[in-house]
Amino acid sequence: MSAVAKHCTSVLEPLRTALGPRLGIDPRALGAFRIVLGVLLLVDLIAYRLPALVTFYTDEGVFPRSALAEVYPTFAAASLHAISGSAWVQGILFAIAGCFAIFLLVGYRTRLATGVSLLLLASLYARNPHVINGGNTILLTFLFFGLFLPLDARWSLDGGRRHQNNRRVYSVGTAVILLHFVIIYATNAVRKYQSEPWMSGTAVPRIFHVEEYFVVLGPHLTEYTTVLTAANWFWVGLLSMSPFLILSVGRFRIALVLAFGFVHLGMAATMRLGVFPFVMIAGLLLFLPPRVWDRIDGVRRVGGSSAFEPITRWIESIRGGEPEPEATTLPVIGARIRRGLRGCCSLVLACVLLSLLVWQLAGIGVVDSPVSDGELADASWAFFAPNPPDTSSWYVLEAELESGETVDAADGGEVAFDRPPDAAETYESALWLEYGLEMRNLGETHYEPAAAYFCQSAEFDVESVTIHHVKQPVDSDGAVGDPTSNERISYPC
């Protein structure tokens with residue numbers, strides 16, 4: 001080894017020693033991350049989107065391809081799901097996506113499964129951008145960065161028993177995904193500091209009175225203002241500590257991961273946020289150090305088997321116990337090509353991370369947005385900051401019958417504009433909630449496909465449908481003033 005090489009090694013080794021525990025990822029964390037991503041893809045596809053396939057992804061629904069092409073022409077051109085407005089075509093695409101999600105879950109052709117899942121999910125989201133939230137876009141970024149990570153390092157059909165070394169995986173890919181995750185939290189912390197409601201402790205109590213978001217345990221907490229105020233400050237403080245997910249090691253990092261995980265589980269138990277809380281928990285798995293995985297792996301079941309031995313046995317049974325092929329020595333030209341590809345991948349990752357960072361910095365006003373008014377101009381993950389919602393809103397569907405009588409188009413009952421007993425029940429699902437929230441500030445032309453859909457889906461003969469958007473201001477103590485109605489469209493059937 002030359003003197004220069006020895007000097008470089010002596011300089012870089014301490015740097016690697018310092019950065020490895022902070023920007024490296026345990027291979028077992030990568031395996032768990034892959035499994036959770038596969039599960040989340042299936043849940044998002046089957047539990048959330050499949051029941052609403054006709055409503056949100058066909059020409060018979062509330063957002064036909066003609067509306068997509070008018071509002072989001074780029075998405076219409078890029079989305080594979082926009083090639084047809086038929087339910088059976090969408091069903092086939094859903095089935096293909098489900099198969100590749102299963103492949104990702106079990107680690108079969110992992111990189112291919114990750115890439116196809118990414119493309120199909122992006123295509124699905126582009127088909128109807130009105131029914132996605134921040135959790136969905138973060139899931140997309142995780143799949144993208146997963147292309148550059150050895151997600152088959154543990155508990156996969158691809159890996160089998162090939163990877164027995166538990167050394168951290170340390171690469172540009174691991175550094176980028178960890179930095180990306182922390183940037184999401186850190187920029188959100190800055191947004192909180194820019195917010196008067198968050199800095200006065202009234203944001204969370206106020207948000208809990210926006211009833212359409214809250215389900216399960218959420219409605220039961222609205223009266224506990226002191227607890228909600230404490231939650232406000234705890235969340236702001238925790239977000240402020242997010243850089244220490246990378247800067248710290250050992251027990252302090254573990255404590256932070258557990259704290260963030262606890263908060264996201266609380267979100268899942270109180271709010272209708274789709275897969276968002278669980279996507280964030282998946283990302284937190286990557287920060288767990290080897291000592292946690294050693295402890296988990298050391299848990300003994302009856303008979304002394306490892307906690308993960310059932311997973312290993314199941315994977316081996318599927319593989320049929322076939323031996324792993326021995327690694328072969330690549331020719332020099334092959335090694336050079338691999339090094340070149342790794343360099344290109346590192347450059348791509350760095351550029352993508354920089355782009356995401358610029359979007360977030362633009363969102364908090366640090367830099368000017370590269371896009372003044374476009375489809376990606378609002379790409380920031382704001383999450384109720386800096387302006388938490390201060391109105392609760394719902395929709396009233398007024399149907400006029402042939403007799404001239406008006407009834408509620410949803411259930412045929414009396415039309416009522418009063419605040420409903422449970423605003424969350426006015427939205428059938430998380431997708432309907434996202435759709436309703438997205439439509440609040442849009443013009444009449446955006447409501448025409450929805451009105452046509454309600455005309456067709458009504459269980460009685462309807463002459464016309466009128467869509468009203470009703471909203472009522474709220475503060476940390478509850479509703480303020482009377483509801484006000486705004487007619488968005490009156491559509492002849």
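Placed from the backbone N, Cα and C atoms, the Cβ positions cover glycine too.
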TODO: Among 224-245, 246-267, find the range that TrEMBL records as transmembrane segment.
DONE: 224-245
TODO: Take every residue in the domain 'HTTM-like' (22-292), average their pLDDT values, and give the whole-number result.
DONE: 95
Open item on the list: Tell me if the transmembrane segment (344-362) touches the transmembrane segment (169-190). I count contact as 3 or more CB pairs below 8 A, with pairs 6 or more residues apart.
Closed with: yes
Task: Cβ-Cβ under 8 Å with the transmembrane segment (224-245): same-chain residues at least 6 beyond its ends - done: 178, 181-182, 185-186, 188-189, 192-193, 198-199, 201-205, 208, 252-253, 256-257, 259-260, 263, 287, 476-477
TODO: For the transmembrane segment (275-293) and the transmembrane segment (87-105), decide whether they are in contact, meaning at least 3 CB pairs lie under 8 A, counting pairs 6 or more apart in sequence.
DONE: no
